[in-house]
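Colleague: Look at Swiss-Prot and you will find Asp294 tagged as active site, proton donor/acceptor. Swiss-Prot lists Glu143, His211, His232 with the feature divalent metal cation binding site, giving similarity to another entry as the kind of evidence. The annotation substrate binding site is assigned in Swiss-Prot to Ala154, His155, Asn235, Ala236, Arg243, Asp269, Gly270, Ile271, His272, Leu328, Ser329, Gly330 on the grounds of similarity to another entry.
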Amino acid sequence: MRSGQSAALAPVLQFTNCRILRGGTLLREDLWVRGGRILDPEKLFFEERRVADEQRDCGGRILAPGFIDVQINGGFGVDFSRATEDVGSGVALVARRLLSHGVTSFCPTLVTSPPEVYHKVLPQIPVKSGGPHGAGVLGVHLEGPFISREKRGAHPEAYLRSFGANAFHDVLATYGPLDNVCIVTLAPELDRSHEVIQALTAKGIRVSLGHSVADLRAAEVAVQSGATFITHLFNAMLPFHHRDPGIVGLLTSDQLPPGHCIFYGMIADGIHTNPAALRIAHRAHPQGLVLVTDAVPALGLGNGRHTLGQQEVEVDGLIAYIAGTKTLSGSIAPMDVCIRHFLQATGCSVESALEAASLHPAQLLGLEKTKGSLDFGADADFVVLDDTLHVQATYISGELVWQAEEAGL
């Protein structure tokens with residue numbers, strides 16, 4: 001934790017000639033950074049009588065909060081669901097490579113696996129701050145195995161599980177210690193799921209609804225029990241029906257707890273979700289939309305066969321399938337590509353597209369005071385973008401950790 005005295009002695013950086021995303025608006029203001037946090041310049045001027053130690057001209061570019069990916073299964077040949085002796089080195093490689101896509105924090109995601117995989121892998125993925133070594137790890141997202149057989153998607157049926165009489169004991173027996181976990185995706189129609197949702201929520205773990213055949217009422221009860229997220233909306237759930245809209249209906253439900261915002265993940269890779277569906281979701285509930293990549297280990301690699309947990313995945317162009325089938329198996333589009341596609345598909349504002357990849361995931365995880373914004377006091381994790389939203393540079397705690405060759409920052 002940064003002490004106030006050491007932070008006060010740290011050099012002050014002033015980013016000039018830029019448009020900063022703050023409060024839902026792109027403002028022509030300078031960004032001030034000291035000790036790894038966003039600084040209020042008025043306090044610097046009037047209370048400390050100080051000016052910047054260094055100025056950096058951003059050439060009119062956009063400065064936005066660093067992107068946060070809460071669902072990423074691996075990438076660049078690394079599979080987070082593979083139980084190796086050195087899972088940490090694979091996570092570190094992905095963390096480093098994500099910097100070029102503007103991602104400053106992420107949740108490594110494990111797909112449905114046998115218990116021995118969770119017991120071996122989870123202790124090797126601790127929460128970790130970001131820096132020059134790579135993006136920070138906010139906690140693990142466990143997607144499965146407590147999901148629907150009918151909507152398992154790319155998850156192997158042999159390892160799916162249900163809850164027994166002592167439901168939360170089953171969770172602990174399956175996963176092992178939950179110290180490194182921040183999100184669990186489950187199907188709310190499973191017996192005793194609400195008992196599990198309450199127990200996980202009591203531990204500060206976010207519960208997401210997904211890979212499910214739940215009707216709207218079951219989904220509403222799950223949210224009333226503590227669930228706050230929907231895993232990749234529209235994918236691996238019942239399609240919207242006018243008499244029972246299923247989980248999708250949560251976006252406009254009037255049965256949620258007062259003041260409760262339901263968040264939902266969207267894979268805006270141009271493959272998983274039709275542009276019309278993106279527009280429907282965004283217009284119905286814009287403040288809950290969270291862009292996710294759902295990237296698989298083939299992210300950053302070429303065509304061919306790769307792994308995802310216990311299964312083989314075949315990449316053909318921009319699409320990843322379970323090998324030998326036409327079942328989609330995650331995405332191979334990085335976060336910056338998803339943001340650009342989302343912007344083009346929905347016609348939303350640049351500000352909305354950027355907040356869907358930064359502020360909203362931070363709010364989902366309860367981290368909005370430190371991540372996902374450029375408010376005074378927040379962590380100085382931010383990305384420098386050109387007008388077409390291509391990443392020019394990435395900063396973590398106010399330190400330049402990646403830049404494009406032509407950026408000159």
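In case you wondered, yes, glycine gets a Cβ from its N, Cα and C as well.
Walk me through the surroundings of each of these features.
Modeller: Sequence-distant neighbours of Asp294 (active site, proton donor/acceptor) (same chain, 6+ apart, CB under 8 A from its CB) are Gln71, Ile72, Asn73, Thr109, His232, Gly265, Ile267, His272, Gly330, Ser331.
The number of other Cβ atoms within 10 Å of the Cβ belonging to His211 (divalent metal cation binding site), over all protein chains shown, comes to 29.
Every protein chain shown contributes to the tally, and the Cβ of Asn235 (substrate binding site) ends up with 18 other Cβ atoms within 10 Å. DSSP assigns Asn235 (substrate binding site) to coil, not to a helix or a strand.
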Colleague: Give me the long-range Cβ neighbours of Ser329 (substrate binding site): same chain, 6+ apart, Cβ under 8 Å, in sequence order.
Modeller: Gly153, Ala154, Val296, Leu308, Gln311, Val313, Ala320, Tyr321, Ile322
Colleague: How long is the line from the C-alpha of Arg243 (substrate binding site) to the C-alpha of Glu143 (divalent metal cation binding site), rounded to the nearest angstrom?
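Modeller: For Arg243 (substrate binding site) versus Glu143 (divalent metal cation binding site), the Cα atoms are 29 Å apart.
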Colleague: To see if you understand the setup: which same-chain residues, six or more apart in sequence, place their Cβ under 8 Å from that of Glu143 (divalent metal cation binding site)?
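Modeller: In sequence order, the residues whose Cβ lies under 8 Å from that of Glu143 (divalent metal cation binding site) (at least 6 apart) are Gln71, Thr109, Leu110, Val111, Thr112, His155, Thr185, Gly210, His211, Thr231.
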Colleague: What other residues of this chain sit with their CB within 8 A of the center of the CB atoms of Glu143, His211, His232, the recorded divalent metal cation site?
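Modeller: Residues close to the divalent metal cation site, other than Glu143, His211, His232: Gln71, Gly144, Ile147, Gly153, His155, Thr185, Ser208, Gly210, Thr231, Asn235, Ala236, Asp294.
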